[in-house]
Amino acid sequence: MYFCGVKDRKKDIRALTKEQLQKFFVAEGDKSFRGTQVYEWLWSKAAHSFDDMTNISKETRQMLKDNFVINHIRVDRMQRSSDGTIKNAVKLHDALTVESVLIPTKSRTTACVSSQVGCSLDCQFCATAKLKRMRNLNPDEIYDQVVAIDNESRLYFDRPLSNIVFMGMGEPLMNYNNVMKAVEKITSPEGLGMSPKRITISTSGVPKMIKKLADDEAKIKLAVSLHSARNEVRTQIMPFNETFPLEDLREALEYWYSKTTSRITYEYIVWKDINDTREDAQALVRFCKYVPCKVNLIEYNPIDDGNFQQAAIEATNMYQDMLERNGITVTVRRSRGKDIDAACGQLANKSA
């Protein structure tokens with residue numbers, strides 16, 4: 001059988017492949033086509049209940065209820081920022097909470113989704129890192145975040161979701177298999193049918209997994225939370241850099257580009273008295289020479305401990321000028337959703 005035999009422990013039906021569903025129905029004396037129907041309801045139609053499956057008989061729906069559950073997420077609380085950004089506090093089936101964000105602009109709507117409850121890493125400037133990792137999200141929990149934000153985009157902005165960034169809670173490359181299964185569902189014609197080129201995975205820099213991403217021929221875009229191109233500084237603000245130093249990261253990124261020819265985006269915050277010197281900017285310029293890239297200079301979004309402060313505008317301008325003079329594409333990115341703690345680095349389940 002393709003489900004748990006203990007009646008009080010029903011299996012989440014979305015853990016089954018389409019082929020497993022087809023075999024289940026054949027074993028129950030039905031046609032394999034019924035499995036295809038159910039699979040379509042679960043993914044492309046994102047059904048949250050077996051009762052939603054209106055082209056399936058009541059008897060079959062009851063049989064599904066007897067054997068399976070659909071562990072869908074629930075938007076427990078939605079907050080709207082003065083700039084239009086929406087933050088969802090998402091309740092999981094085990095009562096844990098993650099957050100996801102809809103970021104609207106004039107031309108697009110972007111979903112910022114979470115991959116873990118908490119985070120595996122220990123970036124000192126990030127509110128999520130203070131939570132520590134409780135567990136990885138499974139593929140359907142990631143998928144459901146995207147579906148919820150797509151629905152909100154259509155409802156509030158009258159257009160479908162256009163882009164997805166894995167920049168919410170968690171380090172996506174530390175939940176590699178589930179993240180990639182979710183991406184597969186999101187991009188499949190049997191799922192949401194989104195182009196993988198509209199999906200960006202943002203990592204703090206896990207060299208081994210960046211190489212695996214390249215070997216697996218992922219068509220997504222890659223962003224790296226860099227924040228310093230000097231090991232002594234990066235280790236101070238991102239302690240895991242002691243294990244995964246910049247030399248290893250550089251090698252992995254060179255490997256990524258050699259396999260994919262896809263340009264990398266570096267996310268970079270300039271902090272007062274941490275990385276706001278010409279020496280820091282020069283180190284970034286040198287690091288950018290290794291592979292084709294662009295740099296996003298990001299406004300810092302403060303968290304409660306107050307240990308980090310945004311550098312003066314002159315420091316950001318110095319970075320921008322130096323990068324541009326060296327032929328490196330650079331964008332100064334304004335934060336969205338700050339007033340509801342929805343901006344980059346602020347997701348900490350405060351609304352839960």
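Glycine residues also receive a Cβ, built from the backbone N, Cα and C atoms like all the rest.
Over in Swiss-Prot, the protein carries these features:
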- GLU99: active site, proton acceptor (ACT_SITE)
- 105-339: domain 'Radical SAM core' (DOMAIN)
- CYS112-CYS344: disulfide bond (DISULFID)
- CYS119, CYS123, CYS126: [4Fe-4S] cluster binding site (BINDING)
- GLY170, GLU171, SER202, SER225, LEU226, HIS227, ASN301: S-adenosyl-L-methionine binding site (BINDING)
- CYS344: active site, S-methylcysteine intermediate (ACT_SITE)
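Here the features listed in Swiss-Prot are painted onto the structure.
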{"residue": "GLU99", "record": "active site, proton acceptor", "DSSP class": "strand"}
{"residue": "CYS112", "record": "disulfide bond", "DSSP class": "strand"}
{"residue": "CYS123", "record": "[4Fe-4S] cluster binding site", "DSSP class": "coil"}
{"residue": "GLY170", "record": "S-adenosyl-L-methionine binding site", "DSSP class": "coil"}
{"residue": "SER202", "record": "S-adenosyl-L-methionine binding site", "DSSP class": "strand"}
{"residue": "SER225", "record": "S-adenosyl-L-methionine binding site", "DSSP class": "strand"}
{"residue": "ASN301", "record": "S-adenosyl-L-methionine binding site", "DSSP class": "coil"}
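Using a 10 Å Cα-Cα cut-off from CYS112 (disulfide bond), none of the binding-site residues among CYS119, SER225, LEU226, HIS227, ASN301 qualify.
Note on the domain 'Radical SAM core' (105-339): mean pLDDT across this stretch is 93. If you compare Cα positions, GLU99 (active site, proton acceptor) sits closest to GLY170 out of the binding-site residues CYS123, GLY170, LEU226, HIS227. Site extent for S-adenosyl-L-methionine: among the recorded binding residues GLY170, GLU171, SER202, SER225, LEU226, HIS227, ASN301, the largest C-alpha separation is 19 Å. When the binding-site residues CYS119, CYS123, CYS126 are screened for a C-alpha within 10 angstroms of the C-alpha of ASN301 (S-adenosyl-L-methionine binding site), the residues that qualify, in sequence order, are CYS126. A C-beta separation below 8 Å, combined with a sequence spacing of at least six in one chain, links LEU226 (S-adenosyl-L-methionine binding site) to GLY205, ARG234, TYR266, GLU267, TYR268, LEU284, PHE287.
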